[in-house]
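Undergrad: Features from TrEMBL:
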DOMAIN    44-147  domain 'Plastocyanin-like'
DOMAIN    157-312  domain 'Plastocyanin-like'
DOMAIN    423-576  domain 'Plastocyanin-like'
DOMAIN    606-720  domain 'Plastocyanin-like'
DOMAIN    740-886  domain 'Plastocyanin-like'
DOMAIN    991-1116  domain 'Plastocyanin-like'
SIGNAL    1-22  signal peptide
Amino acid sequence: MSCSWMILVSAVLLSVASVAQTAIVEHTFNVATLSLPSICQPGNTSVTTVNGRVPGPEIEVHEGDTVVIHVINDSPYNVTVHWHGVLQRGTPWADGPAMVTQCPIRPGHRYTYRFSVAGQDGTLWWHAHSSYMRATVYGALVIRPRRDYPFPTPDEEKTVLLGEWWNGDAVALEKRSFSTGKPMPNADVYTINGMPGDSYNCSDTAINQIARFEVRRGKTYLFRIINAALNTAFFFKVAGHTFTVVAADASYTEQYETDVIVIAPGQTVDALMASDASPGCYHMAISSYQSAIPFPPPTGFNANTTTAIVEYVDAAPTTDARSPVLPIMPIPNDTDTAHTFYSSLTALIRPGRRTVPLAVDTHMFVTVGLGLSFCQPTQTQCNRTAPVVSANMNNVSFALPSTMSMLEARYRNAPSGVYTRDFPDRPPLAFDYTNGLLGSAPQLVFTGSPSTKVKTLRYNATVEMVLQNTALVGRESHPMHLHGYNFFVVAQGFGNYGGDAAAAGEFNLVNPQERNTVAVPTGGWAVIRFVADNPGARLHSWHFIASSNSPRGMWAMHCHIDSHFGIGLAMVFEVEMTPETTLAPPPPDLPQSVADAAIANYTFTVESMRVSQLCNSTDIIAVNGQLPGPTIEVNEGDAVAVKVINGSPYNLTIHWHGILQLLTPWADGPSMVTQCPIQPNSSYTYRFNVTGQEGTLWWHAHSSFLRATVYGALIIRPKNGTAYPFPAPDQEVPIALVDTGEWWSRNVVDVESDAVSSGQLPRVSDAFTINGLTGQLYQCANETYTVDVKPNTRVLLRVINAGLNTHLFFKVAGHAFTVVAVDACYTANYTTDTLVLAPGHTVDALMFTNASAGSYYMAVQAYDSLSPTTMSVSDETTATAIVRYNTTKSTKTTVTPVMPSMPTSSDSATANAFYFGLRGPAPSPGAPPAVPSKVDVNMTIELGLGQLPCDSTQSSCSGKSVAAAMNGVSFRLPSQMSLLEAQYNQTPGVYTADFPDAAPPSGTPMVEGTKVRRLKYNSTVEIVLQNPTAFPSENHPIHLHGFNFFVLAQGLGNFTPGNVSGYNLVDPVSRNTLAVPTGGWAVIRFIANNPGMWFFHCHLDAHVPIGLGMVFAVDNGTTPGSFLPPPPADLPQC
């Protein structure tokens, strides 16, 4: 007993020691599209990269480590990342093939891959697994052992990534290939570590275009060679040197001596090279292995040789460094050399490691090859009079599902419409598979419509699969890759597999090579075995009774020639669970199914248009000829892409008011803060997502007074299947939207220019509008916005104050409201008959239609907060719309609608009662507090109006100009570069980081400046906003970009420092725009968890150009996923 106890303790201690040595390795992958110089051609090529590099970053870990990769997709394309060769035991959601284990990461979204590399060491790699994006989105994944290598320890290691390059957007080329049904063009260039070398006949092949590997004589180097090419197998040589292969696909091999390495797409080889040649420079070279028969293939091939340089650096060269020795490469179709290499590798047998299983449970005979099919409906440019090339396994051409990933469908137990479980174990017809003369037999060569079929495997079953190449449409070697497993290659040969290889002793059941990708010989076959012991599940120490609906893992098997995968050379294994296992639920950030989420694409064309209003015709700037502009409607979690084409004569930007822009700061929009403006006849695409936000927001121009007419709603509904947290409205469209705005009967840019030139505030508006219309109370009113409602229904009003400079009272005669959200943040229900909205505010309110049948005015009127009221100069008109009960719709009547009783324009009591009365939703029992309790940064910001001397640009200014300031600093935008670009590029002289945390002493003159306040990432900031209590004072709606904040307290008079007893830390309302009371104060709190430059300014547009603003510069964090991403390729330049 004591001995057993000691053994147990020793085992536990060994396990603890092992765990203690492991690490969590984190990286952030920023996927973005860049414009890089073309190779051997003039001009640039649009390339999608990770962190701006091709190849992408190398991940280096040790066996047993946990890997965490934060992928942020700032490209215009959907993307996933596959960790090629990682077994993903218990982490199938991290495997990465698009629509197999996950839906793609949409533009503007992110996903974190988490997995372990326990039990694996060697060279693997990662790459995009969606479209042809992996042409440039790839990199190495190096797993080092915990202990010594099972071969002589090398003096140094070097990673060699082989690739292909197209002088064109690979994704666009793929789309064109699919649409036309024609093969994608061959690569323009082969690359070694992203470089073409010196063998291409073009002027731009300079010294910086060739990879260099420095070696010292007498040393041994471990080359980790990865074929990341899309479609090409390579011969690999180094002149004057030989290799000792020690591993393939991160599985150790018996040492194999060779002077040429053959490597198919997807494969890796670890090889030792002794630097025992004469000192000098030697070419490392790759050339294509063209396995196709007949040769050359009909589509031709790239016959170039790509080079790198192996340079001895410790001795005087005996060869001319300007003319490195070039190895003699095999001929392109040297199948004998390729087969010799592939078939000669054997596994290194080590104690405790898996060996080939001898008893087989499931036998499969699977043909792999090309065939023909007819154009699909989505192939819009396809020649429908002729067949197109397709690919198949057992005559099944595979198609990915389009609405939900296969793994998610199985987890939800909803495979119907996503996949079927009828992948055949054998081809439907047996034939002479390698006879090329049978290509004219339609029953053999035509595959029918693509389908999504899986083969279900019993957990722990041993599977033997014969992979038989066919010759119906040419013959070539197919590199078949299996996700989630390594397999043993027990035999391979040419011709038709006869079934007697095992009996004839041709099977290697002692030390067959172990791989994840096998190159099935041209016109031949390979036999593999694996144990289906990876259901993608977690093993439990408890048991339950398994049902027929137990979840399964999903593991793709496909040709790693991407041009074949896209036309159907694939299938999927579904592995059953056991009573001891269960599929872990999907991570909370798993990209949503296409059925649940979408990419909302819009085009905004900004142009002049003529509008008749108030007895005048006025030229305005509008979007798509609409006033208000288009409504953007999305669901929570969606991505939004808006291409803005500026056809106006003015510089322009668009701000997405209230969108948090988490790690998409380049899309925020304030001119010269996060971007230079879009100049006339130019365009820019804003890309962002609406994850974690629901409710009513809006968009508007953020350059000059253009937002008077360039604005519209942005409605974010809960994601499909999710309800509102308030009683569901019966009616939301078309009454859902009420944009309230201001109207000038002249060009608003001229209105602003006159104000700036004179040093005075702009003239007041001529009218207010509801959804762009003034209503019946104005002269020449020819149209009134009218909404029809049903009696006794609940209507959700989404009210937006898009006005430039005026707070508004909003009422509907005879009706009350229940406020349920403000600024796209849910609130506790608040009942009132008057809504009060400052410029920039949104309010979602339920209105019950329980009045008598008839028509009722919806009315908006100015709330003029200026104190004293004798100084008030405001638009005193009232805009109206009509709420009409549909019982009266068909009855013509001249009865005037009922008019609500409006507050007086100076009714601050009503305004403050509304603003102060809002609360956030009641916290759930036991939930942690939402408001951060520990404050890192305390600030008091005093808002003030005053005067500054006229400057030289104010041609009609007399002496003094009206000005505004925060803490005595009148803010000025930069003129040559946006603040965000200056932050990202660390450019000095654009701004200073010395915005004060408190107001200067009374009487201190205002100063002008571009001052920002730096904030540490994730710091909690509390700000007291203090309006002056002395004359003059008015309510300032202060808007914070990039964040919502909690409103902890508000009051009149001066804030008493340290008086926190009145703080609401339980259920404060959240907002993005706060109306600071006239002669009063407010306290807000937020967490600075969003790196970038974030404008904090008064949303009275008259106050922004005169200085009532500042900017928060939030630093990068210290963890992956908290860094400022690079700017998009089409970001406007100043």
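In case you wondered, yes, glycine gets a Cβ from its N, Cα and C as well.
Because TrEMBL annotations are produced automatically, they should be read as predictions rather than curated entries.
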Undergrad: Taking helix as H, G and I and strand as E and B in DSSP, count the residues of the domain 'Plastocyanin-like' (991-1116) in helix, strand and coil.
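TA: So the domain 'Plastocyanin-like' (991-1116) is made up of 0 helix, 59 strand, 67 coil.
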Undergrad: DSSP on the domain 'Plastocyanin-like' (606-720): how many residues come out helix, how many strand, how many coil?
TA: 8 helix, 59 strand, 48 coil
Undergrad: Under DSSP, the domain 'Plastocyanin-like' (740-886) has how many residues in helix, strand and coil?
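TA: Split by secondary structure, the domain 'Plastocyanin-like' (740-886) comes out as 15 helix, 69 strand, 63 coil.
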Undergrad: I'm checking region-level scores; what's the whole-number mean pLDDT for the domain 'Plastocyanin-like' (991-1116)?
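TA: Per the prediction, mean pLDDT sits at 93 for the domain 'Plastocyanin-like' (991-1116).
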Undergrad: Sort the residues of the domain 'Plastocyanin-like' (44-147) into helix, strand and coil with DSSP and give the three counts.
TA: 8 helix, 49 strand, 47 coil
